[in-house]
Amino acid sequence: MKRVFPTLIQHFPGSRSEMKEAVSEALRIGYRHFDCAFVYKNEAEVGEALKEAMESGQVLREDLFITTKLPPHYNDPALVREALDSSLKWLKLDYVDLYLIHVPFSIDREYLKAIGEEKMYQKPEEPDKFYTSMDHSKIWQVSPSVRTVTDELIEAFFLLYHFQGMEKLVDEGLVRSIGLSNFNQQQIQHVIDNCSIKPANLQVECHAYLPERELLNFCNQHKIVLTAFAPLGSPAFAKATCAGEPVLLEDPVVKKVGDKHKKSPAQVLLRWLIQRNICVLPKSVNKVRLKENFDVLDFALDEADVEEMNTLGTKNLRYFLYEPSEDSPDYPFPRSKAA
Ligand code: A2P
């Protein structure tokens, strides 16, 4: 089985050249799994670094695992293909290994265009116009089991106009597998109940303060690989936006376990997730920390360490709440009282 190493590269506030250099450095260290997204606006730089590495013979395409994501203003079967085509063009690839629906909430593309794309992350003034309520199984594909002659005719009409859901991308070899991100259990179940190709992967925030045990069990039952974003608890984001909340990388339990193994807190946090068979996406643009996050395969947490780490899960602390999106009918988390 091909081994997929710890991953990096998501949204980060660095310059474009810093981004490309981080990918090149990661490739030199041995990273082979890169996580991108249409909305991160990083695909061109990732693509340039990958292209250089492949052209110089440093890596082969088949050794890479590239993920990217469908943005919320393309959550529509009519727009899926267009979004993927853009990502492939920026990445300079003819296929991606994994394509995820980035978030369950869907934004009206024309309305967003009219008010300005920079407003995508702000609380909308007119939520009814901003959000559409798109059935996720339609973005995926209509299940053959529920097809009638009418459905077949509708589908033929859709295909004529290049309306293609996620499953069609697999059929055409443009993506190797498809999955979901930031979906809750009920939303995933709805896709499973109405699909031909099951989601292969679920990417969610997951770390020692948010262990997502129930969701992991659910994924295991359905043979869905769980991938953790923010595995280190995104320290800079946590400090900037979650004032008063504990910072996971500074937790004394994590430090104590690390001291025992002569490993850093970040390495302990990654190792704890890997031992739960969770794929990890630590982000870094720093050469030393890139290497540090990669060196997590030469030690193991024992039962006592795991037990101690598990106590942190009682905090159940989610740093990424996507609060401006609480007005969407598809908001995946319990809403705050203010909404
Ligand atoms: P930097 O890019 O300067 O290394 P997460 O992956 O949980 O979202 O966390 C990403 C953040 O954690 C980035 O701000 C990154 O900063 C920092 N970071 C990444 N690796 C480490 C590490 N090994 N030790 C401390 N901070 C780290």
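Here the Cβ of each residue, glycine as well, is placed from N, Cα and C on the backbone.
Feature annotation from TrEMBL assigns domain 'NADP-dependent oxidoreductase' to 15-311.
Taken from TrEMBL, the feature active site, proton donor applies to Tyr40. In three-state terms derived from DSSP, Tyr40 (active site, proton donor) belongs to a helical segment.
What TrEMBL records for Lys69 is site 'Lowers pKa of active site Tyr'. Every protein chain shown contributes to the tally, and the Cβ of Lys69 (site 'Lowers pKa of active site Tyr') ends up with 27 other Cβ atoms within 10 Å.
Same-chain residues at least 6 positions away in sequence with a Cβ under 8 Å from that of His102 (substrate binding site) are, in sequence order, Ala37, Phe38, Val39, Lys69, Leu70, Pro71, Pro72, Ser181, Asn182. Sequence annotations record features per position, and here TrEMBL assigns substrate binding site to His102.
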Summarise the model's confidence over the domain 'NADP-dependent oxidoreductase' (15-311) as a mean pLDDT value. 92
